[in-house]
Amino acid sequence: MSEMVDLKEFLAELGKTQKELKNVIEQAKDIGLELKTNSKMTPEQAGKLYKYIVDGIKEQIQANQPAKNPEQDNKDDLNTAVASKSLNKKVFKTPKKEETKSQPKPKKTKEKKKEAPTPIAKKKGGIEIVNTFEDQTPPVENAPKVVSHSQIEKAKQKLQEIQKSREALNKLTQSNANNANSTNNANNAKKEISEVKKQEQEIKRHENIKRRTGFRVIKRNDETENETENSVTESKKPTQSAAAIFEDIKKEWQEKDKQEAKKVKKPSKPKATPTAKNNKSHKIDFSDARDFKGNDIYDDETDEILLFDLHEQDNLNKEEEEKEIRQNINDRVRVQRKNPWMNESGIKRQSKKKRAFRNDNSQKVIQSAIAIPEEVRVYEFAQKANLNLADVIKTLFNLGLMVTKNDFLDKDSIEILAEEFHLEISVQNTLEEFEVEEVLEGVKKERPPVVTIMGHVDHGKTSLLDKIRDKRVAHTEAGGITQHIGAYMVEKNNKWVSFIDTPGHEAFSQMRNRGAQVTDIAVIVIAADDGVKQQTIEALEHAKAANVPVIFAMNKMDKPNVNPDKLKAECAELGYNPVDWGGEHEFIPVSAKTGDGIDNLLETILIQADIMELKAIEEGSARAVVLEGSVEKGRGAVATVIVQSGTLSVGDSFFAETAFGKVRTMTDDQGKSIQNLKPSMVALITGLSEVPPAGSVLIGVENDSIARLQAQKRATYLHQKALSKSTKVSFDELSEMVANKELKNIPVVIKADTQGSLEAIKNSLLELNNEEVAIQVIHSGVGGITENDLSLVSNSEHAVILGFNIRPTGNVKNKAKEYNVSIKTYTVIYALIEEMRSLLLGLMSPIIEEEHTGQAEVRETFNIPKVGTIAGCVVSDGVIARGIKARLIRDGVVIHTGEILSLKRFKDDVKEVSKGYECGIMLDNYNEIKVGDVFETYKEIHKKRTL
């Protein structure tokens, strides 16, 4: 049977996918080949289809026929054998492919060559060309590719012979009208005539197409010339002869095909050999039948020689060069298998290049510079840096950090990865992903300066601002200290100045930092009688980081014995030289109590603002910064904001982090309602969905839908970030968790009146944690204490609910007693932090110290039945007391630690024995005492820990 080529295998060799199957089937129809998804083709059909797809050479072929049963094949072969007797030139492919190629099918428009019987006699003892062969396909079908003039003459001669055979066929048709085989042969003859005519036309049109490689010439016996006319009428004898011929040829070529099965798809260049037996490196294609006489089979292959056409040597050289080029390309893309239709192909090369690119995905090109958000997931970092995700995770693992692909990377991790992979990282603001594009075009107009007042606690910052505003805010603050960030507008010389008052307590460091980030000028208030303190230095660092000019206000100048020069000297040591000392920083003496120096301070601020030429765009959507957020009864969530650009009006939609809404009302620091908020102006706004985090950016948008969408995106991002932080753990943290499995935790829920105060309390409490006890913040929020807060800690031991500037309701108090949960409220942050510090100290174990008391050497041992071993000792140092702890040391190694159960001097029990005296010592539950051992006594001293 003929070896068939599966369509799927054909697609794979072409480098095409199943999605391109439809296109291949359509192209097959163009050359007369009907294919389906699971169809198979002969190598001939596959070769022609391949040439049509790759090179565009369209050769009409017989459509693919379904496999036939052997009986039908034999009948067709017999019919072919009858017709073959009248022809002298036969061309056929490998006999293994006869079964599907030799059968005529009248319904098809194109068929393989089956020549009609012609009673034409040849000269006796002559030489005839039995067949020609090419590199790949039969010569009849590839006739348009012949360029030799001798071949053109052969084709013309063949046309004349077929015309003569048609005349003989007409006579045969009249005498055998009922013979179905004759009808088929007549159809074949007509088709052969039309094919040869087409071939002659194609020969004239094509002159530079691949040549035939040679001719097969066979010497005939004389007897074969005498019976050509009678062979047609004697149909029974040829029938038997054809069957035998078919079987013999099939057996002969089956053996050859077994040896050449692997070489069918790898054609080699034909070599000139004297016999066909030695020509095993390539196949000689034959037609479906051969001219035999009766039962006589011509098998003398020694009379068969090969003649090569040397006129086409130039074309042959070109073919060899093309084959070498194709071979080099195949070697480069590592083609592992070849077949007759995978010899030359741009498509093949393109496909292999694609495969090679897919295989090299692990070796991605690393970018030299990339832009990375401040907080990015591991897989996002790999995508942006064009790195392999597994390599990134492996690198972090080797550095001691276990992460998943969805975990977030902090700034340190990004820098480490950049160094490991030799990348240049440009860190971008995370908020930019969620911001709506701002209107950057517009006329910039002058805006008021934003001034932040900072300094140490109790140095008079709020009192100074109260004097400027003629208000008394300091008296309304609990404990007389500022615990909220405040924003105010002050008019001086028909010019407005926005003041931001920040807390001076150490717990409010982030509030001071936020104030410095939105300010234009920083006023550092220092008490002249106290000098530079810790929070003063911190405030200066915030101002320096924000790159804003600093003005020093020397407060409390009304007090006696103040020394401003000492204060200036302390600031000069920090690098801030006064103007009168040749520096560039203004030091203004003021008194918040008497008001002295206030006008001078305001004028200095306005002069500095004029020098800075502060301007901003008033048109377009507003961009503001949330200074503080809280929940007010009857108003819901409110926020104090300061506008940086654009204009915020009542009714505008906005979003800030996870909060969104529409501005319902706006009130200034005097409590007056306003409609518009321009750059550098501050106001309290309502209409928020929730309390926004302090320091978040508020963006004005077109409508509520955009605001809600942006807030939801930000909420999803923050939620995933929180999950990532809960799953990330380093090796050090993991080992610490194992070592501290007895770690004592205090679960707390923190509720405060404002977002800034809540943030300060959380940070201060977390700083109290140590290796033994820790505060675990289960929940925190702005607003009153609710029953839900109680349920969060109802099952926890030592749980505490902390309230700052809020009071629980009656129902909440009753539920707290039911759940046995402690609620503690405070109005001053000092008291809250100190009480939590004491609570942690109570849970911590005391520090144990040892005090050496005495030492005794064993001189003798006495074993007393039912009592134990008593050691006779001499006290060499200190005092040995009964009941004290002792270590038994042998050769410098402690072998036992226990208490002295009995201490005797001679026969009397004693409480203690001093240095230089002898005594008897017996340990509690230990008798392995030897001469030469040493007793070392000590006592433990317990001391309280401090945080």
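Sequential numbering from 1, following the chain as shown.
Here the Cβ of each residue, glycine as well, is placed from N, Cα and C on the backbone.
Here the structure is a predicted model, which means the values were calculated and not measured.
Pulled from Swiss-Prot, these are the features on record:
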- 61-284: region 'Disordered' (REGION)
- 151-169: compositional bias 'Basic and acidic residues' (COMPBIAS)
- 175-188: compositional bias 'Low complexity' (COMPBIAS)
- 189-206: compositional bias 'Basic and acidic residues' (COMPBIAS)
- 207-218: compositional bias 'Basic residues' (COMPBIAS)
- 247-262: compositional bias 'Basic and acidic residues' (COMPBIAS)
- 446-615: domain 'tr-type G' (DOMAIN)
- 455-462, 501-505, 555-558: GTP binding site (BINDING)
- 455-462: region 'G1' (REGION)
- 480-484: region 'G2' (REGION)
- 501-504: region 'G3' (REGION)
- 555-558: region 'G4' (REGION)
Checklist line | C-beta crowding around K461 (GTP binding site), within 10 angstroms | finding: 27
Next item on the list: Over the span of the region 'G1' (455-462), count residues by DSSP class, listing helix, strand and coil in order.
Entry: 2 helix, 1 strand, 5 coil
Checklist line | D458 (GTP binding site), number of other Cβ atoms within 10 Å | finding: 16
Check: Within 10 Å of the Cβ of G455 (GTP binding site), how many other Cβ atoms can be counted across all chains shown?
Finding: 28
Check: Which one of these binding-site residues has the most other Cβ atoms within 10 Å of its own Cβ: T502, M557?
Finding: T502
